[in-house]
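Have a look at the structure below before the remarks.
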């Protein structure tokens, strides 16, 4: 029956979805529904049976805990570093911003590194660099040594931000991929909150030692990463790219799927990688060439993947996270202990709402959460700008500032925070995923560094309220970007997502390959029927 059904559906429909608008093409006729439907309830239940997905995801996200801690702890530690080492405002901007800027190097080499040594060992390399950087900063006695530690941590950060979401996306089932790929951002937010709590807890110690303890504590959570390496498997998609199909099959079986499902997934992965057993259907193209001279579909992927990474940063999140004490000081809070206590409230808001996003991503979809996020961020930033510009200082201004900043980070954590890495890890095809994800991470880190290294100078030129108005204007653009260009990927496999960006002339399912499409359906039917 399965074989007969497959033969009857030779003229399969190809769905083309872009920017939230569905246009369905067929080879011989037009239809009103998509060919690729989300997984059935039975399939979704089966995918969730294995708890190993969650275990692997948690272990793969541990680097992000240290990454978030580095961001959170520096916002408070910089107050005491400035007092202890007598650094200037320019040196302060360099110390804060260099972390994001040098992470470009990690992101640039991350794609090639993960293709050469694998996703798993790239996670290990990121952990090693983050740990070395934290250790050096904890024992630093001068600005120069601090910069060295910050440089190493930055490179590790560049590797971590691109590899963890990609690894998790490649091992996750389609119906739970949004949830699992959001975990790195959850750990980032937990790390940021721990950094804020550390700042407040040790602020009463001597200025010569408190910031060193703050920075040094970041080493502890990363020690679990080395234990995790004995637990987590290599990405099955990377293994297929290395022609290690049996190892990939073994990894998929370990997650609790039955043999028929594993064979079906392997077939899809092999075809996406272009190494199907029957025939080499597509001529190999250099990955770099394909990214530099992209086809129409790849260009669309790059616009979405790189664009969402840019908007995550240019809307001001790093300015708020690194310089929140400066922002609240401008609103009227003067005591260092009170400044650090308020930042804890910011961290709680950010960490709490990322959990909300995590559990809604696969239920509501990516776009609805991105709409709520970008619109909410725009309102929060605008209100903050008007509050500081029109009301001056005082208790009312302080209360409104706290409300606006907490609201801003809450909306950010609901959408752009976790979903940026989710969308980027989904939109690129397997053959380009590592290199394109690295390029997207480069864009993210470049924008992050620019925001972090320019906020104090920008605030001096246009005031803190003026800076918030600029971020609000960019946030308006992010709303338009989500509406017009970002597709909904909820419930689709990574191989199906690739087809969302293709048109009739660029699609694999064109008339020239009609026969190939039929053969693929027949092979899948044989596997299922067996």
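Just so you know, glycine gets a Cβ as well, placed from its N, Cα and C.
TrEMBL lists transmembrane segment at one of the ranges 268-288, 436-456, namely 436-456. Listed stretches 123-145, 176-197, 339-357, 436-456, 468-486 were compared with the transmembrane segment (151-169); the greatest number of C-beta pairs under 8 angstroms is found for 123-145. Between the transmembrane segment (468-486) and the listed ranges 94-111, 301-324, 436-456, the one holding the most Cβ pairs under 8 Å is 301-324.
Sequence-distant contacts of the transmembrane segment (397-424), counting only residues of its own chain at least 6 positions beyond either end whose CB sits under 8 Å from a CB of the stretch, comprise 161, 164-165, 169, 177-178, 181-182, 184-186, 188-189, 304-305, 308-309, 311-312, 315, 317, 320-321, 324, 327-328, 331-333, 342, 345-346, 349-354, 356-358, 361, 366, 369-374, 376-377, 379-381, 383-384, 387-388, 391, 437, 440, 444, 478, 486, 489. Against the transmembrane segment (301-324), stretch 436-456 shows more Cβ pairs under 8 Å than any other of 53-82, 94-111, 176-197, 369-391, 436-456. The stretch in closest packing with the transmembrane segment (209-232), judged by the count of Cβ pairs under 8 Å and taken from 53-82, 339-357, 369-391, is 53-82. Within the chain carrying the transmembrane segment (339-357), a Cβ under 8 angstroms from the stretch's Cβ atoms is held by residues 72, 75-76, 79, 182, 185-186, 189-190, 192-193, 195-197, 199-200, 203, 320-321, 324-325, 328-329, 333, 369, 402, 405-407, 409-415, 417-419, all 6 or more beyond its ends. Looking at 94-111, 123-145, 369-391, the range that has the most CB pairs within less than 8 A of the transmembrane segment (53-82) turns out to be 123-145. Taking Cβ pairs closer than 8 Å, the transmembrane segment (123-145) reaches residues 60, 62-63, 66-67, 70, 85, 87, 91, 95, 106, 113, 117, 151-157, 159-160, 163-164, 167, 212-213, 215-216, 218-219, 222, 225-226, 229, 232 in its own chain, all 6 or more past its ends.
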